[in-house]
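S.K.: Questions regarding the structure given below will be posed in turn.
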Amino acid sequence: MGQSHLLPILGLLFFSLIPNQLCKICEVSEENYFRLHPLLSTMTNSKYTTGTQSADVLLSLRLVGIQNQTLIQPLSQQVKKYVGRKGSNLSSGQLALITLALGACRTADEIFIYENHLLGHLENKLQAEIENMNTGAMAVLALTCVKRGLINGQTKTDKKDLRSIDDHIQSLVKKILSEKKENGLIGNTFSTGTAMQALFVSSDHYKESEWNCQQTLDTILKEISQGAFTLPAAAAQVLTTLMGKTYLDVDKDFSCASGLGNFNIPSHEPDTTTPPNSPTNISVHYSVKISEIYSTTITVPSGSVFLDVMEEARKKNETVFGFTVEQSSWGPYITSVQGLKANNNDRTYWELLSNGRSLSQGVGNYVVHNSEGLEVRWSKY
């Protein structure tokens, strides 16, 4: 469940936020907070945290109660500068995410929202982009917001409207649960956090036996320990969920003096020593597969990522290994190889594989290993 699909729905979420109600959740116990260190480290030490990633991280830190101003202030400034650069080019989802991040906790950042007329811009964008909202988990959150407003009498309605909303939520929850894997993940590693938020707020739409929340939480913690969440935005979204929070918690009554509070953030100390028998450079076997397979051996420094390998291969042969890449809030992604472009309409994309197995990590964050077989394959989904 990519972030590009979530952003427009965040717009609806913002306009329907109301005081939260109790819902069924599971969260990390205080004695297991140490298992969140990798997430916090990724969020706070990445030099590539920019744009909406900064807003994701800022919102997450505030939702879980972290008030360390040496972390908060730089992120806040990055978000404001991003607004200044992008201006009217921001989508409704980007504006909503930024407004949520700056508006949480009733800080001086709220002034920026009003001085720059972000709410007015957001409302205008929503009218143009509302039809693009098709992501199940975020739709459940948005519809739940609307439903609560109707039940509390904040919006006039009749029973027919409530039934319609309930039917939509029921259908979406069924779809979410159908994506549940045997290990508890819902969809994939990175979509699970948002799916959990949706299930937190819709527990009256499924039986307790249909979802083992604790199993999902345990699997996510295992994924964290294995280094799965190396992108700041991904780490930020799952941290919010693991602390039992959802986007519905951002309202006028939300207290930021809770949750992790002044939790000790792990500092990033660069490793200046080279482990024994650890080579400075490593060699990998790299292939491009379309209708034919094109292969080469590439040498890169230890600690390199998949993208580094592709760049070295391109230097050797631009025709065979040439590619294009674009940046997103989730990091870089491959758009074409040998001039062949991925196309959503044709459901085609460039799949990354290691030793024949598909990778869940991105081209900019998967760290390659010595003697590994790497492949970029033209695929359909």
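Cβ coordinates are placed from backbone N, Cα and C, and glycine is handled just like the others.
Just so you know, TrEMBL annotations are computer predictions that nobody has curated.
The structure displayed is predicted, hence computed values, not measured ones.
What TrEMBL shows for this protein is this:
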{"type": "SIGNAL", "residues": "1-23", "note": "signal peptide"}
{"type": "DISULFID", "residues": "Cys26-Cys213", "note": "disulfide bond"}
{"type": "DISULFID", "residues": "Cys105-Cys256", "note": "disulfide bond"}
{"type": "BINDING", "residues": "Asn188, Gln237, Tyr333, Ile334, Trp350, Glu351, Leu352, Leu359, Tyr381", "note": "cyanocob(III)alamin binding site"}
{"type": "DOMAIN", "residues": "303-379", "note": "domain 'Transcobalamin-like C-terminal'"}
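Where in this structure would I find these features, and how exposed are they?
M.R.: Within the same chain, the residues at least 6 positions away from Cys213 (disulfide bond) whose Cβ sits under 8 Å from its Cβ are Lys24, Ile25, Cys26, Met196, Leu199, listed in sequence order.
Around Tyr333 (cyanocob(III)alamin binding site), a 10 Å sphere centred on its CB holds 18 further CB atoms from the protein chains shown.
With DSSP classes pooled into helix, strand and coil, the tally for the domain 'Transcobalamin-like C-terminal' (303-379) is 15 helix, 34 strand, 28 coil.
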S.K.: Taking DSSP three-state, what's Tyr381 (cyanocob(III)alamin binding site) in: helix, strand or coil?
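M.R.: Where Tyr381 (cyanocob(III)alamin binding site) sits, the three-state DSSP reduction gives coil.
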